[in-house]
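A.B. asks: Swiss-Prot feature annotations, pasted as is:
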BINDING   Arg58, Tyr195, Lys201, Arg321  substrate binding site
BINDING   Lys201, His220, 236-244, Glu285, Arg321, 440-441, Thr446  ATP binding site
BINDING   Lys201, His220, Asp257  Mn(2+) binding site
Amino acid sequence: MSVDTYTETTKIDKLLKKPTSHFQLSTTQLYNKILDNNEGVLTELGAVNASTGKYTGRSPKDKFFVSEPSYRDNIDWGEINQPIDEETFLKLYHKVLDYLDKKDELYVFKGYAGSDKDTMLKLTVINELAWHNLFAKNMFIRPESKEEATKIKPNFTIVSVPHFKADPEVDGTKSETFVIISFKHKVILIGGTEYAGEMKKGIFSVMNYLLPMQDIMSMHCSANVGEKGDVALFFGLSGTGKTTLSADPHRKLIGDDEHGWNKNGVFNIEGGCYAKAINLSKEKEPQIFDAIKYGAILENTVVAEDGSVDFEDNRYTENTRAAYPINHIDNIVVPSKAAHPNTIIFLTADAFGVIPPISKLNKDQAMYHFLSGFTSKLAGTERGVTEPEPSFSTCFGAPFFPLHPTVYADLLGELIDLHDVDVYLVNTGWTGGKYGVGRRISLHYTRQMVNQAISGKLKNAEYTKDSTFGLSIPVEIEDVPKTILNPINAWSDKEKYKAQAEDLIQRFEKNFEKFGEKVEHIAKKGSFNK
């Protein structure tokens, strides 16, 4: 039996009007609820620490898009974007709403996603946990006042119920956990997981559908702006140095993770930052460390009885996190938007040791590497035997992009052309040999290369084309040894270098086969050795 939208809207309205539905609580009020309900503990830094239980990261296999007539032909269905039928979704949705109706307390936040007024998404977030509501308050864009919040008529609603467990046989899910996005009903339904990042990435997935439909590029990247208004974007997967390299005391942060690029320039989708906290120290990352204060949330960190935090302890997970409003960082752009990018940096951590530390890409090469989204991960064993494994994540964030990858790549190519953007591929990985033989490229040298690229000093520099990949390598960069610029020179055994490089090229080509005929033009012009 299907359930109608009228009933659904009525149930939501009823929930919002319940006397025990706490609307737009202040940070202090939410802190009190978190501590009174034993949802978290106060740390000596002023932040609260919460545990997410057994789910310490996203659950990509439990994420679905509702297959609805007006939207289904646009979505790139597959392992990442899984379909669920509308009736199955609605039955579960109403079970969740009935579950919430029986709860003693609910927490409601209204705000926005997207700092560009023309495409800003108006949000309502309904939580059963107070700390999740503080997370929403930290991560999304906050209204100026409670009065403004009351006037928000949402374009999308997040309903998050971590303690509601689905029954896969009855509810049509794959496990007790579910993240379901419906564009028709304008709902993100999350249950069975306390990992708060599902809310943030759920809205990012929605924006990655809606923005390109308006010819606006959506991007999984960090962004900053220099004193002269020059804008740089940093794309890169986990472990490539995206956060470290974009946190620059001489440049203001636009945002650390999710952005749009429209006719006016670049804008942040979020109102906060969700930083990795493992091994965090004031010495290494002072901006992030100082942002962890009253109002911030720590996830899954180890807190002693005296409130001290051990950021090096990974007993619960390597994926410890800090969620804080962007204004916890001093060096930011307000509002979080800027002009068109001058420079784009693609970061890769090549553990094979063969990709140049920096190379300049033309538009076709940029589209190729954007679609490839390459880095490498290290597979460790107890005996210490490690071999690098290539990792490809389309658009540098495959789990969050519901449309076909070429939609995003074509938009990127058009914008690079239109605004004459310089694009560089920067390898923060190994040189002189693969992992275990060579050494990690010095962060000092990487910073120097990135700074030279962003400043425009490499725009008209002298380049040489390397014979293996066909990439344009700068002949010299100030304060960087010439010997590391062309990777073959750093290897003592040149034949081993060539064999390793050829192996990586073949892996790129094999990965690109999954895109089919739609990308033949990019493969022909942008792939290696062209």
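Just so you know, glycine gets a Cβ as well, placed from its N, Cα and C.
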A.B. asks: Expressed to the nearest Å, what is the distance separating Lys242 (ATP binding site) and His220 (Mn(2+) binding site) at their Cα atoms?
C.D. replies: 11
A.B. asks: Among all the protein chains here, how many other CB atoms are within 10 A of the CB of His220 (Mn(2+) binding site)?
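C.D. replies: A 10 Å sphere around the Cβ of His220 (Mn(2+) binding site) contains 24 other Cβ atoms.
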A.B. asks: Select the most exposed residue of Ser238, Thr240, Thr244, where exposure means the fewest other Cβ atoms within 10 Å, treating these as the binding-site residues.
C.D. replies: Ser238
A.B. asks: Three-state secondary structure of Thr240 (ATP binding site) from DSSP?
C.D. replies: coil
A.B. asks: Looking only at Cβ atoms, how many others are within 10 Å of the one on Lys201 (substrate binding site)?
C.D. replies: 23
A.B. asks: Taking only the Cα atoms, work out how far Gly236 (ATP binding site) lies from His220 (Mn(2+) binding site), in Å, as a whole number.
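C.D. replies: Here the two Cα atoms lie 8 Å apart.
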A.B. asks: Neighbours of the Mn(2+) site Lys201, His220, Asp257: Cβ within 8 Å of the Cβ centroid, same chain, sequence order.
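C.D. replies: So the extra residues in range turn out to be Lys200, Phe204, Glu258, Gly397, Phe400.
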A.B. asks: Around the recorded substrate site, report the further residues of that chain (criterion: Cβ within 8 Å of the mean position of the Cβ atoms of Arg58, Tyr195, Lys201, Arg321; site residues excluded), sequence-ordered.
C.D. replies: Gly57, Ala196, Gly197, Glu198, Lys200, Tyr274, Asn319
A.B. asks: Tell me the Cβ neighbour count for Asp257 (Mn(2+) binding site), meaning other Cβ atoms within 10 Å of its Cβ, over all protein chains shown.
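C.D. replies: Around Asp257 (Mn(2+) binding site), other Cβ atoms within 10 Å: 24.
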A.B. asks: Counting Cβ neighbours within 10 Å across all chains shown, tell me which of the binding-site residues Arg58, Arg321 comes out on top.
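C.D. replies: It comes out as Arg321.
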A.B. asks: Measuring Cα to Cα, how many Å separate Ile441 (ATP binding site) from Tyr195 (substrate binding site)?
C.D. replies: 34
